[in-house]
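Enquirer: According to TrEMBL, the transmembrane segment annotation covers B:20-49, B:86-107, B:119-139, B:170-192, B:245-266, B:278-297. Per TrEMBL, domain 'ABC transmembrane type-1' is recorded for B:82-296.
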Amino acid sequence: MANVTFRNVRKSFGEFVALEELDLHINEGEFVALLGPSGCGKSTTLRMLAGLEFPTSGEIMIGDRVVNDLAPGKRDIAMVFQSYALYPHMSVGENIGYPLKKRGIKGRERDDAVQKAAELLQLDALLDRKPKQLSGGQQQRVALGRALVRDPQVFLLDEPLSNLDAKLRSYMRAELIELHRRLGKTMVYVTHDQLEAMTMASRIAVMHGGRVQQFDTPDAIYNRPANRFVAGFIGTPPMNQVEGTVEGGHFITGGHKVPIDRSAYADALRDGPVVLGVRPEAITIGKGEGLPATVRLAENTGHETIVTLELPDRTRISARVEAARRLDVGHSVALTFDPDAIHLFEASATGARLNLDAKSASVVSMRSK
Amino acid sequence: MTAIATNPPRDRRSPLERAYARLGVLLIAPTIIVFSLVIVYPLLAAIYLSVFSIYTPTLQGDFVGAANYIELLTGGAFWHSLGVTLIWTVGTLSLQIIAGIGLALLLHQNIWFRSLARSLVLFPYFLSTVVAVLVWRWLFNDLYGALNHGLIQLGILDMPLDWLGSMPNAMIGVILVGAWKYFPFVVIAVLARLQTIPENLYEAARIDGAGPVGRFFDITLPQLRSVLVVIILLRAIWDFKEFDLLYLLTGGGPVTSTQTLSLLVYQEAFGLNQMGQAAAYSVGMMLVMLAFMVLYIRRTGGK
Ligand SMILES: Nc1ncnc2c1ncn2[C@@H]1O[C@H](COP(=O)(O)OP(=O)(O)OP(=O)(O)O)[C@@H](O)[C@H]1O
Ligand SMILES: [Mg+2]
């Protein structure tokens, strides 16, 4: 059993509160990504799980054990650091074998384990080199090898791909997914790259302001964001947010009516101010009927064009259209939103989703405590 | 083609490059001149003197060929002093290194008096040797010395000990004072290096299951290696040549028990007025040092 639980964990550095209240339950064998903007406490969370940082209050469990007072070496975890943290004076082989050496595994047994890990990561030709003589991608694999050589209960990875170029990164992403599939171990993966989180993780914990904003599958994070933060963080460009009011079951902004699918909200749809969210791909740009807007910018990326539009109240929104479409800057257009792809959020600071299901609701209700 | 062959520098280098080269020569010229005056001239003079038998007060004497060197090889004084020098150097250097690393590790911790302790630790190094030796001689004194007094009070000694006047106490004494005087140099150099060791190496080692001792031997020590190589080289040279501390503390005594090569050269030149013989000893001393340095750099410089 190697599930991981954070229960009411709070972490402050002196006066500064890095994590307000952290509750996470990660199942055995799961690949969980901690995703969030810089400084939101992802590394701190991981380091507390590793035992390198101590929670100010709360409980951390690995399997059935409370590990709060357990030294890092006794937690049966392996960690890959963002900066790799390879031992510079040791060869690749010695680096990979070090965790075994410190656990008293000697001779043939150790050599075989190192060899196996090296083969898995295609490092067998480099075993005698020093870390300095390796490329970034090779160093990264050595760091992984040092983690894989043992059979720990949980793997912790702190932005392990952030120092690699785009090509190597997508290659390593595939490698890690394959590795996780093969080993079936619990993995906690810190990243601020949503592409990594969306493609690799079975569940993503989106973090912000010292809290978990949403902890769900990539699909749910994308299609049912629990609040305005998640909506505005996920997607490139992220979900557009338009302020307005609900009147008699319609969304009104700047005097214009936007049709919405009322059946999705039941009694949650009360009159009053709300924020409408719509993804760039759910916007149709046309003439005549619709929300009036002005084209401000059209960026052709080759396979699509991202259009920046300005509403009469100066709100900027982006829309995704096919690359061939010509839109002149300064022209007036009319926007229609796909009613099935419209999300409504509270107009409050937290901006919770209006039609939250029970699971996501628990996260949000905790937030407002 | 012919123009390049006959006049290559003018064709290859731009005027600016040539101006830089002239500036470079100009800038290192003072160093080379001073270096020649203070190093090369005395060296050549010593080699020249060493083949004469010279009376120090008059600096007059006759050419004696290799006689001074034969005395060096067969006379015994040189070999005795070489032995003393090696014991002194190895003894005091080891203590300096061990105490220096130990204290640097301590000062690297987050202890509350750290910044005060960091400046205090430099005290012996800043103190003038004469003052330091006076204080130590007073501490070591067999009649009224604080050391004897303290040890007797504690019941470790029942008779006052003649610290600097008998062996092996005199050697132990000078080694201790030498270590006390020079270990701050090691502390500062090691401390500076400790602060640049990335913290995440220690974190990785902790996760990999290394305890404090393991982390010291697997990370700290290998990371200190390059700085220790330099410290040991510098301190070995300085300790090998050390003069004032030994001269003031024991003057080489009792008899010649702590007479290192530097003291032997001095004694020969100004005690016995044999400048030629002293020059031969100093050349011998230099050769020994050179041999050690070459060996040391061969062994450590490779990596
Ligand atoms: N040792 C420390 N002392 C004081 N504050 C700290 C310390 N470590 C982290 N913090 C603060 O805690 C917050 C969270 O830091 P953390 O390293 O977990 O961020 P992160 O989410 O990993 O960000 P990034 O994506 O930039 O790595 C930051 O605001 C940071 O300044
Ligand atoms: Mg981080």
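For all residues, glycine too, the Cβ spot is worked out from N, Cα and C.
Neighbours and distances for these, please.
Expert: Only residues 6 or more beyond the boundaries of the transmembrane segment (B:20-49), in the same chain, are considered here, and those with a CB under 8 A from a CB of the stretch are 13, 275-276, 279, 282-283, 286.
Taking Cβ pairs closer than 8 Å, the transmembrane segment (B:119-139) reaches residues 103, 107, 145-147, 164, 173, 177, 180-185, 187-188, 244-245, 248-249 in its own chain, all 6 or more past its ends.
Outside the transmembrane segment (B:278-297) by six or more residues, the chain places 43, 46-50, 54, 68-69, 71-72, 78, 82, 232-233, 236-237, 240-241, 261-262, 264-266, 268-269 with a CB less than 8 A from a CB of the stretch.
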Enquirer: What parts of the chain pack near the transmembrane segment (B:86-107), using Cβ distances under 8 Å and only residues at least 6 beyond its ends?
Expert: 114, 117-118, 121, 171, 174-176, 178-179, 182-191, 194, 216, 220, 224, 228, 231-232, 235-236, 239-240, 242, 246, 258, 260
